[in-house]
Amino acid sequence: MTTDVVGARRSARVAPVVPRAGGAAMLFSVCLLGYGLLGYLLTAQFNLIDGDGPSRVANAGYTILSRNPHLGAMGFVWNPLPSLVELPLLGFSHWWPELKTLGLAAVIQSALFMAGAAVGVRRIAFDRDVPRLGRWAAVAAFAANPMIVQYGAVGLSEAALIFCVVWSVRYLLLWVQSGAATSLAWSGLALGFGYLARYEALPAVAGGAAFVLLLAAYRACDPSRLGRVSTWRKALPSGIQAAVLFCFPAMGAFLLWTISSWLLTGDALPQFTSQYGNGTQMATAESAGADLLEGKATIDSIAARVFGMEPLLPVVVVAAGWYAFRRRRVDIFAPLAVCGGVLAFQAAAQYTGMTFGWFRFYILVVPMTVIAAMTLWEPLRSRETGGSMRACASSVAASALMVATLVSSIPVTWHSMLNPAIGDQGPQQGLRSMVWPDRYPPQENSLFQAFQDDRNIARWLDNQNLPPSSVLSDTFQSWGIWLASGRPRQFVITSDFDFARALNAPHEFGIRFILVSDPVADGAADAVNRRYPTLWSDGAGLGELQLTVTGPGGQPRWKIYRLDG
C-alpha cells in the first residue's frame with residue numbers, strides 16, 4: 001500500500017475513532033449550562049445587553065406575534081439562522097415572558113451553538129487520535145477562552161458561525177485523509193448553514209474551495225509528470241469537480257436567500273444596499289461623529305486583535321507547518337484556508353474602512369489555532385509503522401504546545417477584553433465596570449441602563465389599553481419597544497403588509513400614536529423619519545407631542561406624537 005505526498009491512502013478509507021457519546025453529552029451539557037447561566041446573569045441581573053442579540057429575537061417574534069404573522073417578517077437584512085433557532089423558543093414566552101421581553105431566547109441560541117462547537121473540537125481531537133492530555137487541553141483552549149465564553153452567552157450570531165465552521169473543518173480534515181466525497185459534501189453543507197448565520201461564511205467558502213481545488217487536482221496528477229503543464233491541465237477538471245461539490249450548499253443558500261429577498265422586498269442584497277444595511281449604518285456612525293473607525297484601520301490594530309486572542313498563533317502555525325513539510329501532509333491548510341479566509345476578509349474590510357473593527361470579528365482565530373495545533377497528530381490509520389519512540393516524543397511535544405496554547409490564550413484574551421483599545425464593544429466595556437468598579441463606575445456607564453427607555457415606553461403604551469393597529473413605528477429602531485410590550489399587536493410595524501399605507505395616511509388608517517427616533521443620532525434610516533423629515537423637530541403637522549423620552553446617554557432618544565382626530 002502506498003501513501004501519496006499529501007498523506008491520503010488511496011486504497012483505504014480512514015475510519016475516525018468513535019468517542020463515547022456520554023462524554024460528548026456531558027461536555028455539551030456543561031458548556032450549555034455555563035454559557036446559558038452567564039448569559040442570563042448578564043442580561044437579567046446586570047442588564048448588560050448587546051442589542052444585536054435581542055434584535056434577532058424580535059425578527060423571530062414578528063413571524064408569529066405581529067399583526068401579520070408570516071415567515072418573511074423575519075426580514076432579509078440579517079441572516080436568518082439565529083432567528084430560526086429562536087423561533088420555537090418564543091412559543092414558551094407565554095410561560096417565561098423574558099424569553100421575549102429581555103431577549104433570553106438569544107442567550108439560549110448562542111449557548112446551544114457554542115456548546116455544539118465545543119463538541120466539534122472534541123470530535124476532531126478523537127478523529128486525530130489526540131491523547132487525553134492534548135484532547136482536554138484542546139477542548140479547554142477553545143471552550144474556556146474568555147471571548148468564546150462571552151459570545152456563547154450574549155446571544156449574538158458569532159456562535160452559530162463558529163459552530164458551522166468547526167464542523168466544516170472537521171469534515172474537510174476527514175476528506176483530506178480519505179478522499180471520501182461524503183466528507184467533502186458534509187463540509188460544504190456546514191458552511192451552507194454558516195452563510196445562513198453570517199455572510200462572513202462566504203470568505204470561508206472561498207478559502208476552502210481554493211484548498212479543495214488544488215488538493216483534488218494534485219491527487220489526480222500523474223506523480224511522475226508533476227512538472228508538466230499538460231499534467232495539471234488534465235487534472236484540473238477533478239479539482240473543479242471537488243470544489244463545486246464543496247461550494248454547492250453555500251451557493252445554494254446564497255441564491256435561495258438572495259432570490260427570496262428580491263422577490264419579497266425588491267432588494268437582492270439588503271444587508272449591503274438597503275436603507276438598513278451595513279453601508280448605511282457605517283455612514284450614519286461616521287456622520288454622527290462616532291469613533292468606531294478611528295485608529296483601528298492599521299496593521300498594528302488588526303494584529304492586536306488577532307494576537308490578543310491567540311498569542312501563540314505564529315508558533316502553532318510554524319510548528320504545524322514544519323511537521324506537515326516533514327511528513328509531506330497538508331492537514332494544516334484545512335483550518336487555515338477556512339478560518340483564515342474569514343480573518344483575511346475581516347482584516348481587509350477593517351483596513352479599508354468597509355466595516356467596524358470590532359474585536360469579536362476576529363473570534364475565529366480561536367478555533368483556527370486550536371485545530372491547527374491538533375494537526376500535529378495524525379489519525380491512527382494514516383500513521384506509518386515503526387519509529388514509536390520518535391512518534392511518542394512528537395506527541396509529547398504537541399501536547400506541550402497545546403497546553404501552552406491553553407495557558408497563554410486565556411489570560412491574554414482576558415487582558416485584551418479589558419483593554420479599551422481592543423475590547424471595544426458593550427460586553428467588554430461592561431466587563432471593565434464589573435472588574436474595576438472604582439475606575440469605571442457602573443452607575444456612570446450607560447450600558448447598564450440600555451433599553452430601559454424602550455421598556456418604559458412599552459409599559460406606557462400598554463397602559464393606554466389601545467386597540468390593535470394603533471401605534472406606528474419602524475422596528476429598525478423600535479424593536480426593543482416591540483419586544484418589551486405585552487401587547488405586540490397594538491403596533492403597525494415595518495413587516496406588516498399594510499405598513500406603507502399606514503405610513504402614508506396615518507389618520508385614515510386609525511393610527512393613534514407615532515414613535516420617532518432621533519434622526520441625527522441613529523434614526524436617519526427610520527422609515528418614519530424618511531417619510532416625514534421634520535417630524536422629530538416640529539411634528540410635521542401630524543399631531544401633538546405627547547412624550548419625549550431620554551435615553552441612557554442623557555439625550556432625547558424618542559418622541560411620541562399623538563395624532564389629532
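One is the number of the first residue shown, and numbering goes on along the chain from there.
The backbone N, Cα and C atoms fix where each Cβ goes, and this holds for glycine too.
The feature transmembrane segment is assigned by TrEMBL to 21-42 (among others).
The annotation transmembrane segment is assigned in TrEMBL to 102-121 (among others).
Using a Cβ-Cβ cut-off under 8 Å and counting only residues 6 or more beyond its ends in the same chain, the transmembrane segment (155-173) has close neighbours at 39, 43, 50, 52-54, 56-57, 78-79, 81-82, 85, 103-107, 109-114, 116-117, 120-121, 123-124, 127-128, 148, 183-184, 186-188, 190-191, 193-194, 197-198, 200-201, 204, 208, 211-212, 331, 334-335, 338-339, 342, 360, 363-364, 367, 371, 375. Residues annotated as transmembrane segment in TrEMBL: 155-173 (among others).
Annotated transmembrane segment per TrEMBL: 203-221 (among others), in sequence order.
The transmembrane segment annotation in TrEMBL covers 242-264 (among others).
What TrEMBL records for 302-325 (among others) is transmembrane segment.
Long-range contacts of the transmembrane segment (332-349) within its own chain (CB-CB distance under 8 A, at least 6 residues past either end) are made by residues 165, 168-169, 172-173, 176, 191, 200-201, 203-208, 210-211, 302, 306, 317, 320-321, 323-324, 355, 361-362, 364-365, 367-368, 371-372, 375. Residues or ranges marked as transmembrane segment by TrEMBL: 332-349 (among others).
Summarising the annotation, TrEMBL assigns transmembrane segment to 361-380 (among others).
Here the transmembrane segment (392-414) has Cβ contacts under 8 Å with residues 130-131, 133-134, 137-138, 140-141, 144-147, 307-312, 315-316, 319, 323, 366, 369-370, 373-374, 376-377 of the same chain, all six or more residues outside its ends. For 392-414 (among others), the entry in TrEMBL reads transmembrane segment.
Beyond its flanks by at least six residues, the transmembrane segment (203-221) meets 4-6, 8, 10, 165, 168, 172, 175-176, 179, 184, 187-188, 191, 194-195, 231-232, 234-236, 238-243, 246-247, 250-251, 330, 333-334, 336-342, 344-345 of its own chain at Cβ-Cβ distances under 8 Å.
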